[in-house]
Amino acid sequence: MTYEEVRNRAREMMIPRCYVCPECNGRGPCVGQVPGFGGMGASRGFQANYDSLAAVQLNSRVVHGVHVPDTSIDFFGTKISMPVIAAPTGGTTYNMGGKLTEAEFVNAICGGCNQAGTLGAVADGIGDPLDVYEKRLQTLKEHGYKAIVGLKPRLQKDIIERMRLAEQAGIIALTIDLDSAGRASRATKGQTVEPKTFEQLKELVKASKLPLLFKGIMTPDEAELCVKAGAAGIVVSNHGGRTLADTPGTAAVLPKIADVVNGRCFIMVDGTLARGTDVEKYLGLGAQCTLAGRHFVRAAHGGLADGVALFANKIKNELAVAMVLTGAQTVKDINRNMVVIPD
Ligand SMILES: Cc1cc2nc3c(=O)[nH]c(=O)nc-3n(C[C@H](O)[C@H](O)[C@H](O)COP(=O)(O)O)c2cc1C
């Protein structure tokens with residue numbers, strides 16, 4: 001199976017949700033499709049992710065002794081093959097076209113990522129009742145997958161209930177996408193999502209032994225609040241441009257956030273990551289690890305676990321080449337001198 005074959009099959013599986021465009025830049029027929037695969041409004045936040053990442057360049061460095069770089073990292077005590085993990089993505093029916101069952105999707109994402117030596121992800125979709133989330137975790141447990149879990153900013157008690165279930169499923173870390181707070185109209189009847197106060201963030205950090213990362217952080221002041229609340233980390237993310245329309249791109253806001261955090265918590269980032277060079281850019285801007293969303297979802301639809309592993313290995317190999325050509329022996333060696341940040 002080639003990557004092109006995976007993409008062609010994904011096109012058959014996903015149209016009209018996703019058209020598998022030559023470049024996934026928020027400018028395809030998916031514009032404005034949320035639910036679906038697009039971004040909010042005119043998809044400008046989605047486009048800003050792509051454009052801000054494209055505007056960052058890499059400094060080529062070829063006078064050094066790096067031959068075989070090490071792309072692996074330590075992710076909260078688990079060694080993973082590269083600083084790329086599947087982003088939590090929910091809604092196989094309303095977002096992806098419904099051609100894969102929940103179990104097939106979890107098997108594809110988590111099985112494929114684990115095959116490639118990295119972590120999968122399980123979501124807590126905003127419209128999903130508790131039993132759908134439980135079934136996803138059950139699939140994780142049955143296969144012993146290594147994964148992260150993405151929770152919604154539900155009521156505190158509902159989050160804590162889902163944290164306990166995730167702990168029992170042996171997951172590695174939790175994210176809460178705080179930026180889903182404005183999507184209350186899409187929550188299942190009787191369920192709530194809400195913005196969180198600083199006190200509530202502290203309560204959530206204390207509520208679980210698992211590392212907790214707040215996802216959807218786009219400004220240095222909120223990154224500072226997450227650090228002060230004791231978060232294990234943050235995910236710099238605008239949710240793929242799917243929550244608030246017209247946000248800046250993640251690559252544009254990341255450097256100032258990284259400066260403020262200054263090593264006090266783990267920084268992840270996402271947004272249109274498609275290639276190994278994209279990983280190197282995000283790390284050069286200050287992240288320690290990345291998430292990839294739509295590309296993993298497409299790979300799952302186009303080739304199940306093998307398609308996901310193919311995409312993950314493609315990124316890993318491209319990252320290794322980029323590390324040789326910028327002179328980074330290990331992922332920790334990637335730094336801001338390796339990127340050119342636009343004014
Ligand atoms: C179809 C779809 C469903 C998503 N569902 C979730 C979710 O349930 N929880 C979450 O934290 N983020 C969710 N996201 C956001 C992703 O985790 C990620 O932040 C975003 O897609 C940016 O990455 P990308 O540009 O690589 O797709 C979803 C994104 C997509 C496209």
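Including glycine, each Cβ sits where the backbone N, Cα and C put it.
Keep in mind that TrEMBL annotations are predicted by a computer and have not been checked by a curator.
Take the FMN site that TrEMBL assigns to Pro88, Thr89, Gly90, Ser237, Gly293, Arg294: the candidate from Lys202, Lys206, Lys209, Lys215 listed for it is Lys215. Arg242 (glyoxylate binding site) falls outside any helix or strand according to DSSP and counts as coil. Looking at Arg294 (FMN binding site) and His239 (active site, proton acceptor), their Cα atoms lie 11 Å from each other. Counting only the Cα atoms, the space from Lys215 (FMN binding site) to His239 (active site, proton acceptor) is about 8 angstrom. Mapped onto three states, the DSSP output places Ser237 (FMN binding site) in coil.
Of the chain residues outside the FMN site list Pro88, Thr89, Gly90, Lys215, Ser237, Gly293, Arg294, Ala87, Ala121, Ala123, Gly150, Asp177, His239, Gly240, Asp270, Leu291 have their Cβ within 8 Å of the site's Cβ mean position.
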